[in-house]
Every structure is written in structure tokens, then in C-alpha cells.
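Student: Please read through the structure below; I'll follow up with questions.
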């Protein structure tokens, strides 16, 4: 794969107003993508966004660039990332564009593309767009310019899709659910999905103003959700992130239920109904208790690198359908082509309704082992993980933890940091082992 100049692992991302998240670059990116996609067939591209104020600026610039290349843009307005993947497929568009920086603060933004089948663009298409970005911009003849339109019922279409994934013989009638939409893209979707399936819904994080996305709310900060669930006597709390591809849950006692526990609940339910199709993919950070719980059910488990795109890669390699991260990215390939927070929450709610069990009961099967994370800064140059001293200490710790814990040592890809993670049923032992390895890293 060629070295990338503009695209990262998840499209283009950065601070608004700084390259590449500027209106002039977005214009050029729209044009370059349009020139490449125009050779593929369809002349329509969907553009969706989350609720950041900069989304208005970037969608206009992208649309102008696409039009100059002869492609038409259809705006969905604020929509979750998985909704754009779904709508791109159903509209038979050539591509979908999402303007979002996911769980980041409002002054970040990003631009990423979906293919016609709602998946990440093939590498060769991204590389062709990168090459086109270095060419001088031109404009098609006036009669061939693209047009702009708005899909007025985009939210309704996606709401119906989400509801269709919930078993028709079940209902959420009698459930009180607190929904935290992070003041993000699910604000007008998730509460309506739950209500239309019968639930009593209490909303938080559903008043976006362009500046408050992910601010003290959503999947990355669930304190407010935990408080409201307990105070309201709710059955469950659902927290999505800014673009709706993550889910963290809260049980009726206010306990956090993370992506590993959610993944297990969905996997066990799929196994019982004969719909599992192979095993489950987690990541290097997935809790050991998830692996052990799946092993008890004889469900195969594989670990991918951290990042939902790597989970998806391993799922495709193995032909499996279910994977995710402890951060709450849950991919159910039977239902959508990318991580989908609302669909994942409906999978868990269906398990609750089907067995008449609380979320607390379902999550008990995966009592998470304590994870101790220590970031150790080093001077740069040689990688401390290559040192014989660090290797010897790590090996000794692994022997001490054999069968009851694990270690993970990673060098940061962006900073001079070594990330030390120790996981063990005994939290005090995990802490002492992590500190021992960290001291060895500091010495080297």
C-alpha cells in the first residue's frame, strides 16, 4: 500500500481551521473524490454530518468540489455514521461522505468516505483520490455540473431500519430507558427508535448547539447518565458518542456495562438462536474475562489491533459476523456494515426482553478483570521494548500471571510513550506488576 499523504486510518481528521480541515482543502477533496468516483458509474454522493458547527462549512465546500467534478450531492443533515453507511447502500449512491470527528471535542472535525456498499473505500480508490489532490483543479462544462439536493426523510428511513433489526415478537413496552445522545448525531434518532418500540424514554444530551457535542455526556463521559438512571429508577441507560458508532450501557444500579460485556451478551444470544456464524473478534485491549467467558461457551475468539477498522479486517478474513472494542464500537455484520450504536443497543435490549432479565443479570457473566494502564514517557531514539532488561522483567511478570492475567506493552504511534497494560483478577497484583514493568522501561 502506498504511503498516505492526506488520508489516515479513518479518513482525514484534525483541528478546524488548520490543514487539512479547512474549506479550501474540503473543496479540493470534494473535487478530487468526484473526479475519481465519476469514472465508477453513479453520479450521486451522499453527505452526512454530526452536529459540530463546522459541519455546515465543510459540507458546502465538499458539495462545491463534487459539483465542479460533475457529481451531485444529496445532503442528509445530522445523521449517525452508520446511518450514512446504510443510506449509501439503499440510495445506490456511488459513495457516502461523513463529516465527523466521532468522540472528539467540537473544534475537531474529520471527513471520511464509504463505498457504494457502505464499507471503507478500497485502498486503490483512496490512493487515486490522493493522487488527484495533487493535480490542478478544473471544472466540467456548465451543462455537466452537479446539483445539490436534500433527503428530507433520511432520519425516518434510518429509524425504520433500526426498528427492523429488533425481533417483531418482542416489545420494549414497560421499560424505562434513559438515552444519552452526546448532543451528537443520534439526538433525533435513538429516542424515537426506543419510543416507537414501546419504551418510556428519558432524554439527555439531545440539545445540540454546534459546540456541546461530547461535552460531559455520551459514551466517553457517562456520569450524568448513571445519575439519571438511578434517580429515575430506570431499567437501563444507553450512551452513544458524537457520531453514533459507539455504545456504552448503564444497568439499573448505575453500573457501567462496557463494550466487552455488550459483545458477550450479543454473542451468547446469537449462539442460543443459532445465528452466531463462527466466532467473535475483539482487540488487544479486550478484557481477559471476555475471552474466558466465550471459551466457556466454546465460542472462538480472535484479537485484532486496537481500532474498529482492524476488527472489521479480521472479521472479513475469518468470515465471522460479530466483533467490537471495549470502548463500545460493536460491529454486527448481519445488520450493518460498520459499528452501529443503536443497532447494538437493540441487540442487548432484545436479550433482556426475551429472557426477562435485567442488564445487570446479563452482564454478570463477564466480571471484568481490573486493568492497570501506565503511560511511560521515554527520551526517543531506541525503543525501550527492545531492551533485554525490559524483556526479562516482562517475561518474569508473565510467568507470575500465568493463567490468571496478561500483559500488553505497546509503543505509541504518535508520541514517545510506552503503554504498559496489566490485567489480572487480583487488582493489587496487576498494579504492582504494571509498576514493575514501568520502572524497567524508565531504566532503558
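Cβ coordinates are placed from backbone N, Cα and C, and glycine is handled just like the others.
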Student: Swiss-Prot has 241, 243, 245 binding Mg(2+). Which one of 102, 115, 358, 387 is in the same site?
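Tutor: Record check against Swiss-Prot: Mg(2+) site with 241, 243, 245, extra candidate from 102, 115, 358, 387 is 102.
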Student: For Mg(2+), what surrounds 102, 241, 243, 245 with a Cβ no more than 8 Å from their Cβ centroid?
Tutor: 50, 80, 81, 100, 103, 184, 185, 219, 240, 242, 244, 246, 339, 341
Student: Measure from the Cβ of residue 243 (Mg(2+) binding site) and count the other Cβ atoms within 10 Å, all protein chains considered.
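Tutor: The answer is 35.
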Student: Counting other CB atoms within 10 A of each CB, which of the binding-site residues 241, 245 comes out lowest?
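Tutor: 245, out of the binding-site residues 241, 245, has the fewest neighbouring Cβ atoms within 10 Å.
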